[in-house]
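Summarising the annotation, Swiss-Prot assigns signal peptide to 1-15. Marked as domain 'Laminin N-terminal' by Swiss-Prot on the basis of sequence analysis: 35-261. Summarising the annotation, Swiss-Prot assigns N-linked glycosylation site to 88, 103, 394, 540 and lists sequence analysis as the type of evidence. Residues annotated as disulfide bond in Swiss-Prot: 91-124, 262-271, 264-281, 295-315, 318-327, 348-357, 360-378, 381-393, 383-400, 402-411, 449-521, 468-578 (among others). Per Swiss-Prot, domain 'Laminin EGF-like 1' is recorded for 262-317. If you look up Swiss-Prot, you'll see 318-380 marked as domain 'Laminin EGF-like 2', on the strength of sequence analysis. Feature annotation from Swiss-Prot assigns domain 'NTR' to 449-578.
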């Protein structure tokens, strides 16, 4: 009653929610947590429904007992692998053998590698006196013996009838005198177990020899010699040489079975047909191939291995930090890592390099604000073509190798105590020694400053007339200062250019030269790390590259409110509103 109630509840649940009945069953190749584990296809009769090639079949020409053209009296090879029952046993039958010896061969192609557990034959005639079973692992190209049956093992097959099986010979075919009796005259059985009596069968996972031994793509059965009816009063003389009075014989088999599993090396739970209708494993664990016998591309961090009960031995992806699509396996690196990792990335992208694409290639450095897996993890060094001694920078800091006297991350300016030269070999040269008497070092203003100039007022107004009188109008940031002879040399960064008659004046680092007397009289007044509006006249000087400013120049601390006004004046100048003074 309880079982009936449970069944009824399940039916109601499926009717209410069809999804309950359609849920995908769990994948046997992974446990409940998603971790890989060994999986194997179901055990099947691999011979069922397969075509069997027989070297001899009765019915052509027709005889009293066999006619290939009459389905009721035909005994084709298809009967060997069809559905047989005890009540309806269909039998294949060979031609009548009038002359002996006469071998009859049955060849079965499994269509794929199988791990064979047994081969069995159920006879409709008396069992043969001598039978040999062979297997092929290369789809019938070559054959190796699997098992012999004979009452005369040494005479027929050159094998002893009772050989001892050891680990040294467990992959060799044996010969037995069992299962060769004449009786029963029908329904007799020959059953060969591939692992029976093999010493390593208990540890099959660790025995490559036995794994190879049970593998087959084709099975061949050779009936070498039938029973001669001496015991039933048959002739002895002339029987084996096919004398005129020899008794006729034939072989007849009702069922050929090959029990085993699709060979998938523990990496698939089933076999399916591919686009060409060939049987292949439905591989998991990042494996591929008809038998899951190799790793998928990019999963070469460790060598392919067969799965075992203890280890799934799944193929692992190479660690390339998302910068490569291909890799290869290196056994030496794998051994050095303690058999943990042997993958080597190929063709690293995004300016990366290394076995794992884990550092930047030459000419680039790491942007530590981004993950190593980011496409922009490596930035170009951008070393100055003149100031840098090479194109390669420090891969951690990005610092380029600077020439003597050059400084900056990209080697784009002269260091303190050096001045720019015209030589690309030595772009910065040391400033020559200065005569102390010619340098104004006092911070006090000279006595004649009042008559010399007047400092600029803070509320200075900019108009079109003053704008037009100047050769350049720029916004600058004062970086540092050094003295050269009677001049103060300021390293500046030009932030904006509002007017310029000299094409060399561009945004970026430059120099501003002011005579020391002008600076001492605070005409103009300048402080380091401040922003200024500079309006002045261009003066070409080979000794002093950059901008020049004097007591007549306008150098006042920058105000953001001027931006709009200066852009307006700039537009008016382009329209021709400036009249040349």
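Positions of Cβ are set from backbone N, Cα and C atoms, glycine also.
Taking the features listed in Swiss-Prot, we show where each one sits on the structure.
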residue	record	Cβ contacts under 8 Å, 6 or more apart
103	N-linked glycosylation site	55, 222, 223, 224
264	disulfide bond	39, 40, 41, 271, 281, 283, 291, 292
357	disulfide bond	320, 321, 323, 324, 345, 348, 349, 350
360	disulfide bond	351, 352, 353, 366, 377, 378, 379, 395
400	disulfide bond	381, 382, 383, 384, 387, 388, 389, 390, 392, 393, 394, 409, 410, 411
449	disulfide bond	520, 521, 522, 523
540	N-linked glycosylation site	none
Nearest of the disulfide-bonded residues (262, 315, 318) to residue 402 (disulfide bond) - Cα to Cα: 318
Residue 327 (disulfide bond) CB neighbourhood, other CB atoms within 10 A: 24
Candidate disulfide-bonded residues 91, 327, 468, pick with smallest Cα gap to residue 315 (disulfide bond): 327
Neighbour count (Cβ, 10 Å) for residue 383 (disulfide bond): 23
Integer Cα-Cα distance in angstrom, residue 327 (disulfide bond) to residue 295 (disulfide bond): 12
Cα distance (Å, whole number) from residue 262 (disulfide bond) to residue 91 (disulfide bond): 27
Mean of pLDDT values spanning the domain 'Laminin N-terminal' (35-261): 88
Rounded to the nearest Å - Cα separation of residue 578 (disulfide bond) and residue 318 (disulfide bond): 68
Reduced DSSP assignment, residue 360 (disulfide bond): strand
Alpha-carbon spacing, residue 262 (disulfide bond) to residue 295 (disulfide bond), which is rounded to whole Å: 18
DSSP three-state assignment for residue 468 (disulfide bond): helix
Between residue 318 (disulfide bond) and residue 124 (disulfide bond), the C-alpha gap once rounded to whole angstrom: 58
